[in-house]
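Inspection log for the structure reproduced underneath, given as structure tokens.
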Amino acid sequence: MGKQKKARKYATMKRMLSLRDQRLKEKDRLKPKKKEKKDPSALKEREVPQHPSCLFFQYNTQLGPPYHILVDTNFINFSIKAKLDLVQSMMDCLYAKCIPCITDCVMAEIEKLGQKYRVALRIAKDPRFERLPCTHKGTYADDCLVQRVTQHKCYIVATVDRDLKRRIRKIPGVPIMYISNHRYNIEQMPDDYGAPRF
């Protein structure tokens, strides 16, 4: 029998003493942190998010005709597939004048999709659509729509995207428009949630 070869260990570090080790001298040791006693008479500061004044519980007072509807990229694509005229179908759904709004991010997203979505681009450039300029960096449309809706509660969001719907449902007072059975529908808000009881 030959000698057994011992594998060399790579990237091994020397074992170091921790700074709390008993073998270290008193001056070299790490001193334990002392908890500061809080003064009970001192005012406690905490950050509470400012709630918008337009919300009366879950009821949004800023929503009213003419409705401003933020349109997402996939909403235009699914409307074309379902052969729906955007403005007319919105008016049929809400029984009021509707102004579809399209942000620069959504426009950039449609332009990036290329030749396949040229019909969607032509619809998005319709003069009836209101263009909303974006001031933030990047062109991710979902973040842009969520940010705009949290700042201004006067919009209805038109989308078919599940992730975006999930994000918008967390923001109180923002209705969602979606497509089902070849027509537009508005997602109902929960009736009893936060409503005043008389």
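One is the number of the first residue shown, and numbering goes on along the chain from there.
Every residue, even glycine, has its Cβ placed from backbone N, Cα and C.
Here TrEMBL flags 37-47 as compositional bias 'Basic and acidic residues'. Under DSSP, the residues of the compositional bias 'Basic and acidic residues' (37-47) split into helix, strand and coil as follows: 0 helix, 0 strand, 11 coil.
Per TrEMBL, domain 'PIN' is recorded for 67-166. Each residue of the domain 'PIN' (67-166) gets a DSSP state, and the totals for helix, strand and coil are 53 helix, 18 strand, 29 coil.
Annotation source TrEMBL lists region 'Disordered' at 22-47.
Averaged across the domain 'PIN' (67-166), pLDDT in this predicted model comes to 93.
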